[in-house]
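Quick notes on the structure that follows.
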Ligand code: B4P
């Protein structure tokens, strides 16, 4: 299986690039941000609790997102691979994901990080906020809070995968198509390696 974690700060382009990758590699897209927003739209208890945190730029508790991902992975027993978008966002989430995949006889193939500086992130999210209707994209202070959450809680997840020799970083600034083709080069090289080791 090809299981990719697409990593990066809020606004790095994870959702944008995931859409393109799932089309090219026929992967199942699992975005915790999208899953949480659908819980909010459905007005579930989980959604109402998550909304309070998300609207303040904070992360949702680990056990909530791990449970959501577990349910989704189980819904696709015949998948050829998954793209994890916006998950894991903490080291305990990464450990939970490793365990879940191990229990399903598979593992993470690689983590690819999109590198984008804070100024560019802020301007992208404020621009998206004009049309997305997302409360967490509406003001600069909240966006900075999300970036700060990323720097303290999420950035260490890169070291977790680097320790397993699975971490790659690409420049996330530039044309969307150029970034996509760099991502594809990494993934194609990985697929070749997987073939050789079979
Ligand atoms: P997410 O939905 O994951 O939101 P995001 O990080 O803002 O989105 P993303 O990074 O995918 O956006 P993209 O760059 O594609 O999370 C939202 C919230 O949910 C979190 O703050 C947290 O509260 C909660 N949450 C989610 N997962 C969680 C977890 N695992 N644990 C705990 N809490 C969790 O797009 C940004 C903009 O940039 C777009 O407008 C796009 O068009 C533009 N863009 C993309 N690429 C570009 C490029 N190359 N050049 C110019 N613009 C570009």
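Here the Cβ of each residue, glycine as well, is placed from N, Cα and C on the backbone.
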TrEMBL ATP site partner of 11, 12, 13, 14, 15, 16, 128, selected from 67, 81, 174: 174
Listed range which TrEMBL flags as region 'NMP', given the options 31-60, 91-120: 31-60
Residue numbers, six or more beyond the limits of the region 'NMP' (31-60), whose CB comes under 8 Å of its CB atoms: 14-15, 18, 68-69, 72, 85-87, 89-90, 134-136, 142-143, 145-146, 148-149, 153-154
Distance-selected binding-site residues near ligand 1 (C-beta under 6 Å), from 13, 16, 60, 134: 13, 16, 60
Between residue 87 (AMP binding site) and residue 14 (ATP binding site): CA-CA distance (Å): 10
Secondary structure composition of the region 'NMP' (31-60) [DSSP: H/G/I, E/B, coil]: 21 helix, 1 strand, 8 coil
Lowest local Cβ density among 11, 13, 15, 174, which the record lists as binding-site residues, within 10 Å: 174
